[in-house]
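If you look up Swiss-Prot, you'll see D24 marked as active site. Residues annotated as active site, proton acceptor in Swiss-Prot, with sequence analysis given as evidence: N72. The feature Mg(2+) binding site is assigned by Swiss-Prot to D24, E205, with sequence analysis given as support. The substrate binding site feature in Swiss-Prot is assigned to 25-29, R37, H41, 69-71, W73, R75, R186, 192-194; the stated evidence is sequence analysis.
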Amino acid sequence: MFSGSSNAVPEGREPPRHIAIIMDGNGRWAKKRFLPRVAGHKRGLDAVREVVKACKEMGVGYLTLFAFSTENWRRPQEEVSFLMDLFLRALEHEVAKLHNNNIRLKVLGSRERFSAELSERIDRAEAKTAGNDGLVLTIAADYGGRWDIVHAVNRLIAEGRSEITEEMVTDRLGMAWAPEPDLFIRTGGEQRISNFLLWQLAYSELYFTDLLWPDFDRAALQEAIHSYWQRERRFGRTSEQLPEHLRRDKL
């Protein structure tokens, strides 16, 4: 299990170890251009490619993207089917590129409602990139933060645990192998976390932008990281307890 971000004060002006993003605004991007919603999802995939490349080059260790929530199954069936097909085709065409760039791919979520073909493709993609030690790209699909916590608690019940600690829950979450996100980004103008990594975001720095996801690029990512650098991350401490180079007045 990876120690959480809240357990230690990170060093100064380095890129965040772990960035988590809610990629919001694909549908509105398409609507503004009088295009079908699916056109926004297609363009959103281009933004994913650019952000993954930028994170790799900046030295970010973990990038987690919220692609499809447990609540998204309520969307029109035509759109859901398109998103599942887009995910399948992205796995087919992008995994070799990820592998060649030493990127490890992981998929976080239930998978119970995925087709057998999609589940098999995910398994193959994870296996192919499992030995890579560069950027870890996690796609959260059919994922919800409440589901994650309940799943962890049910595992503890099945183990016969009578007293449950925070560490026990953390160890059984879907991303127990990764540090907690240092920086959370949401595009599209909404200011909520929408059932994404509820446990893990406890001490993350939150950054919201009005940019729609298809318009989010390297420059926008750099702006978010610059904002992150201006924050004073105390994790319950006082400013005076922080190393001098991490105090807000020294940033």
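For all residues, glycine too, the Cβ spot is worked out from N, Cα and C.
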Those binding-site residues listed as W29, W73, and which of them has the most Cβ atoms within 10 Å of its own Cβ: W29
Residue pair G25 (substrate binding site), E205 (Mg(2+) binding site) - Cα distance, angstrom, rounded: 21
CB contacts for G27 (substrate binding site) [other CB atoms within 10 A, all chains]: 21
Cα separation, W29 (substrate binding site) to N72 (active site, proton acceptor) (Å, whole number): 18
Length of the line joining the Cα atoms of H41 (substrate binding site) and the residue listed as 'active site', in Å: 10
W29 (substrate binding site) and E205 (Mg(2+) binding site), distance between Cα atoms, whole Å: 26
